[in-house]
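Enquirer: Have a look at this one before I ask anything.
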């Protein structure tokens, strides 16, 4: 990890599906903190006209493209979900490109610290970009219930996703800070504000 005086100082924010990463990130944004979402970077690198999209279509066939030429994420997700080897191929293509996008956007941060939000922060090696790691955590049953409600998914579908994500215990082992997000939004907001002031202290009290 780099020294806290280095600019920009980056906080990594991660958590499993249904943990409330996006809600926590929004609380930081409301406090004026610049945030880069790895999921957004992942969408940018496969936009029409980008080289990665052409490589994906060549590898998987035009069945992964919509009529407009945009990526059909559902079709691609189905292909890689059923084939770990194909998923690894896709990750090897996209992860370096996604990381380049992330680094470029983080370098533009103007706030006292910046946040990288990523569901794959640990698995992808993106944790090497950050100085501190915050895990948003909830019990697994809460993850399942929230995701079923949000995505209209079955319990079996959510459990299948959980199986391919890093185990909760492993994620927590990497954490510098843990925010257990199993209460209401007002409580989440107060916890984020508490952590925000702590991170400002780590940055030497800049505001």
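In case you wondered, yes, glycine gets a Cβ from its N, Cα and C as well.
As annotated in Swiss-Prot:
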- 18, 19, 20, 21, 22, 23: ATP binding site (BINDING)
- 10-207: domain 'DPCK' (DOMAIN)
Enquirer: Considering the binding-site residues 19, 22, which residue's Cβ sits among the greatest number of other Cβ atoms within 10 Å?
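Expert: Neighbour-count leader: 19.
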Enquirer: Can you give me the average pLDDT across the domain 'DPCK' (10-207), rounded to a whole number?
Expert: 93
Enquirer: To test your reading of the ATP site: which residues beyond 18, 19, 20, 21, 22, 23, same chain only, put their Cβ within 8 Å of the Cβ centroid of those residues?
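Expert: The surrounding set, listed in chain order, is 15, 24, 136, 146, 181.
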Enquirer: Using a Cβ cut-off under 8 Å and a sequence separation of 6 or more, which residues in the same chain sit near residue 23 (ATP binding site)?
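Expert: Spatial neighbours, sequence-distant, of residue 23 (ATP binding site): 181, 185, 188.
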Enquirer: Quick check: in three-state DSSP terms, what is residue 19 (ATP binding site)?
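Expert: Going by the DSSP assignment, residue 19 (ATP binding site) belongs to neither helix nor strand, so it counts as coil.
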Enquirer: Tell me which residues of the chain lie with their Cβ under 8 angstroms from that of residue 18 (ATP binding site), as long as they are six or more apart in sequence?
Expert: 138, 142, 143, 144, 145, 146, 147, 150, 158
Enquirer: For residue 20 (ATP binding site), which residues of its chain lie six or more apart in sequence with Cβ-Cβ distance below 8 Å?
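Expert: Spatial neighbours, sequence-distant, of residue 20 (ATP binding site): 136, 138, 146, 181, 188.
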